[in-house]
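*Asks:* Got a structure here, written out as structure tokens. Questions coming.
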Amino acid sequence: MNVSQVSNHIVVIKLGGSVLSSKDTSLKDIAALKQLGLKPVLIHGGASTVSDWSAKLGLETRLVNGERVTDDPTLDVVAAVLTGLVNKEIVAALLDMGVQAAGISGVDGATITGQMRATETGYLGDVTAVNTGLINALLDKDITPVISPVSFHHTKRPSGSRRLININGDPAAGEIAAALQAERLVFMTDVPAVKGKNGEALGEISAEHAAELLSSGTASGGMIPKLRSCLKATLAGASACIIDGRIPHMLVRELTEGNCGTTIIGQHLRRS
């Protein structure tokens, strides 16, 4: 990607909790992207921190299909840890680097509205709507939004249930990228690339190829929601990529040089 061609364009970046360590350079890269004229929008996870605090409080972590069962006490921890601790640590780090940043959650401004998925997973939900008003207001003031995926439980909310809902940050990132009509969606992960059916690392692939990886069962575990989100973003006009956030300055390299992980290209963006 030639940065000069996308100056002032929106790049949605999903930060996995596993890449937010003391040695990680992702936030420094975001500061550099701001200097290059891009408009980063950050969505973060923090599952390991939630699990740590759950253990400290004597709460059992239960997973269904790799996702956290979110009962009442767990929702308290998720909301406090993601929207409070993790979100504000990221914002403080960016401020310390000279980046004007503001931490919000999906609840604020009804940025992300969701509904419960199933009774057995409690307050774990899916995105039903994205309101970009608050995000755009921050971007217009040159403030970088840092978004926790704790969201507004409103759609088909059962009587007497809580107004907060826990939404996986991966699908949230794809929905936000699509709603903003972002130029790029970038997933910072702890794997080098998406793997093909023979275990090979994949570079640039079409959206159709990504869909085939999902339908065939080749993609598994945490790669499934990431690829689904990439497809959502490509349908809205973005390109999407999955890169290894553990490698120093990988984000800047991807957005200036490209070819750093796996890039998913929609049909309208495919090279002739």
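Glycine is no exception: its Cβ is also placed from the backbone N, Cα and C atoms.
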*Asks:* Report the candidate from Arg62, Arg68, Arg157, Arg184 that shares the substrate site with Gly46, Ala47, Asn166, as recorded in Swiss-Prot.
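*Replies:* Candidate in the recorded substrate site: Arg68.
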*Asks:* What does DSSP call Arg68 (substrate binding site) in the simple three-state scheme?
*Replies:* strand
*Asks:* Report, in whole Å, the straight Cα-to-Cα distance of Lys14 (site 'Transition state stabilizer') from Gly46 (substrate binding site).
*Replies:* 11
*Asks:* Determine, for the substrate site, the additional residues of the same chain whose CB lies within 8 Å of the mean position of the CB atoms of Gly46, Ala47, Arg68, Asn166; present them in sequence order.
*Replies:* Gly45, Val50, Ser51, Thr70, Val78, Leu82, Asn168, Gly169
*Asks:* Cα-Cα, whole number of Å: Asn166 (substrate binding site) versus Lys226 (site 'Transition state stabilizer')?
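*Replies:* So the Cα of Lys226 (site 'Transition state stabilizer') lies 17 Å away from that of Asn166 (substrate binding site).
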